[in-house]
Amino acid sequence: MSASRPAAVMVLAAGEGTRMKSRRPKVLHEICGRSLLGHVLAAVAELEPQRTVVVVGHAREQVTEHLKSIAPHAITALQEEQKGTGHAVRMAIEALRAQNVELTGTVVLTCGDTPLLRGATLRDLVAAHEAEGNAVTILSARVPDPTGYGRIVRDAAGAVTGIVEHADATEEQRAVDEINSGMYAFDGALLSQVVHRLSADNAKGEEYITDAVALLRGDGHRVGAYIAPDRTEVEGVNDRVQLAEARRLLNARLLEQLMRDGVTVVDPASTWVDVDVRVGRDAVLEPQTQLQGRTVIGEGAQVGPATVLCDTEVGEDAVVSHTVAREAVIGPEATVGPYAYLRPGARLDRGVKIGTFVEVKNSTVGEGSKVPHLTYVGDADIGKGVNIGASSVFVNYDGVNKHRTVIGDYARTGSDTMFVAPVRVGDGAYTGAGTVVREDVPPGALAVSAGPQRTIEGWVERKRPGTPAAQAAERARARSEEDR
């Protein structure tokens, strides 16, 4: 089935979501790197609607600000008081009219808390709606336990005759497993007319959009329903339990697609990816790996176990284990970890080794260079073929400003070297163990700042008499004298 571009899509996002027990509006809670509302709008965008209207209410400032970053062209409609779904639709229509937009053609109504909704399902809903010539087409779903949901009522021929709420349903109707999702495709002109006929004469004093279905059918218009192929797509999120379940389901969907595209996921139950993550073929994701934001993993790379990468690029055939990296670039065939920390601005070229307990921040490390152990690299430019000795520190902060250190190609630095920036170590230069580099080191030079070793015989026995160390020293001295 093919569908035209809808005249408008309305997204209802005005509710408070009290069951979330949160200061944050429900629709702004996130799963897999995107807000609930963001997931819905991403599905809506696949329809390429002429207009998108988001109905806001509770915490409207926060929701509106969020919309500026994820859907800047969306129109916001204010529902000052939450008086029901029908009232929300009326506010959306008024917002469109304020921009001189009269609804003609198909209008889709969605909810802002259904993050598993697929764009393909919305396209099929619109296609079925237009092919059948319906005034309204309900997006329905078949569920194993329909308790609490409105049921889709059909006649003997299978034609939709209406929606009956659970409380009003007969025993026969309660046995029906096809439920109303609260999402619809409407004829825009008819919706604009019928929405003003909705009544708030009910227990809650609210206007319900479901009443529009009965009114349109009563006027002799055709009503239909399109059954979602996956019932989880229409499940809303109302509390933290449902939020966790939605996250699990979406993560499983994303991982399944990665595996079908040629990625090995060793343990899907402990591996988490965001929707904007990209992973190349033959990459391996080990257990307890989290890929967040816009992380990109190259072909053949191995990531994990116990690794968190956020907005990080990993090159082909790189190996990253037990590592946390944020806004970093890891080059092809590089090796990182275990227990490394790459902070924003860390750039590792091809074949770089970053070893155990190494932190890199706002620095470049050239091709084939190694920082193997217990080192902090901050605000540095390290050339190619360099080896940084264990326990070295790039001292980049003078208490007021940060300064850079430059290490030339093929330099070798001894263990426990301190580079007090700003300082430059030339190509092929060496530093001795324990050196504090405060001045530039010319190419090919050896920098040594430590003085001759001073040994004070008998110091422990005199200054720490009776201690285990002193006793051990006395025994060793006695053995030495016996050997003579």
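Glycine too: its Cβ is placed from the backbone N, Cα and C atoms.
These features come from Swiss-Prot:
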type     : residues                                                                                   : note
REGION   : 1-240                                                                                      : region 'Pyrophosphorylase'
BINDING  : 12-15, Lys26, Gln79, 84-85, Gly150, Glu165, Asn180, Asn238, Arg343, Lys361, Tyr376, Asn387 : UDP-N-acetyl-alpha-D-glucosamine binding site
BINDING  : Asp113, Asn238                                                                             : Mg(2+) binding site
REGION   : 241-261                                                                                    : region 'Linker'
REGION   : 262-484                                                                                    : region 'N-acetyltransferase'
ACT_SITE : His373                                                                                     : active site, proton acceptor
BINDING  : Ala390, Asn396, Tyr397, Ser415, Ala433                                                     : acetyl-CoA binding site
REGION   : 457-484                                                                                    : region 'Disordered'
COMPBIAS : 474-484                                                                                    : compositional bias 'Basic and acidic residues'
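Mapped onto this structure are the features recorded in Swiss-Prot.
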residue: Ala14; record: UDP-N-acetyl-alpha-D-glucosamine binding site; DSSP class: coil
residue: Lys26; record: UDP-N-acetyl-alpha-D-glucosamine binding site; DSSP class: helix
residue: Asp113; record: Mg(2+) binding site; DSSP class: coil
residue: Gly150; record: UDP-N-acetyl-alpha-D-glucosamine binding site; DSSP class: coil
residue: Asn180; record: UDP-N-acetyl-alpha-D-glucosamine binding site; DSSP class: strand
residue: His373; record: active site, proton acceptor; DSSP class: strand
residue: Asn396; record: acetyl-CoA binding site; DSSP class: coil
residue: Ser415; record: acetyl-CoA binding site; DSSP class: coil
residue: Ala433; record: acetyl-CoA binding site; DSSP class: coil
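Listed by sequence, the residues of this chain that lie at least six past the ends of the region 'Linker' (241-261) yet keep a Cβ under 8 A from its Cβ atoms are 20, 29, 31-32, 36, 39, 115-116, 232, 235, 268, 271-273, 275, 277, 279, 281, 285. Taking every pair among Ala390, Asn396, Tyr397, Ser415, Ala433, the residues listed as contacting acetyl-CoA, the largest Cα to Cα separation comes to 22 Å. Each of the binding-site residues Leu12, Ala390, Ala433 was assessed for Cβ neighbours inside 10 Å, and the highest tally belongs to Leu12. For the pair Tyr397 (acetyl-CoA binding site) and Tyr376 (UDP-N-acetyl-alpha-D-glucosamine binding site), the Cα-Cα distance reads 12 Å. Cα spacing between Ala14 (UDP-N-acetyl-alpha-D-glucosamine binding site) and Ala390 (acetyl-CoA binding site): 56 Å, rounded to the nearest whole number.
Of all the recorded positions in the list Lys26, Asn180, Asn238, His373, Tyr376, the shortest Cα-Cα distance to Ser415 (acetyl-CoA binding site) is found for His373.
Here the C-alpha separation of Asn396 (acetyl-CoA binding site) and Tyr376 (UDP-N-acetyl-alpha-D-glucosamine binding site) works out to 10 Å. For the pair Tyr376 (UDP-N-acetyl-alpha-D-glucosamine binding site) and Ala433 (acetyl-CoA binding site), the C-alpha distance works out to 16 angstrom.
On its own chain, Gly150 (UDP-N-acetyl-alpha-D-glucosamine binding site) has Ile163, Val164, Glu165, His166, Ile179, Asn180, Thr210 as residues at least 6 apart in sequence with a Cβ closer than 8 Å to its own Cβ. Straight-line distance linking the Cα atoms of Gly84 (UDP-N-acetyl-alpha-D-glucosamine binding site) and Asp113 (Mg(2+) binding site), rounded to a whole number, equals 16 Å.
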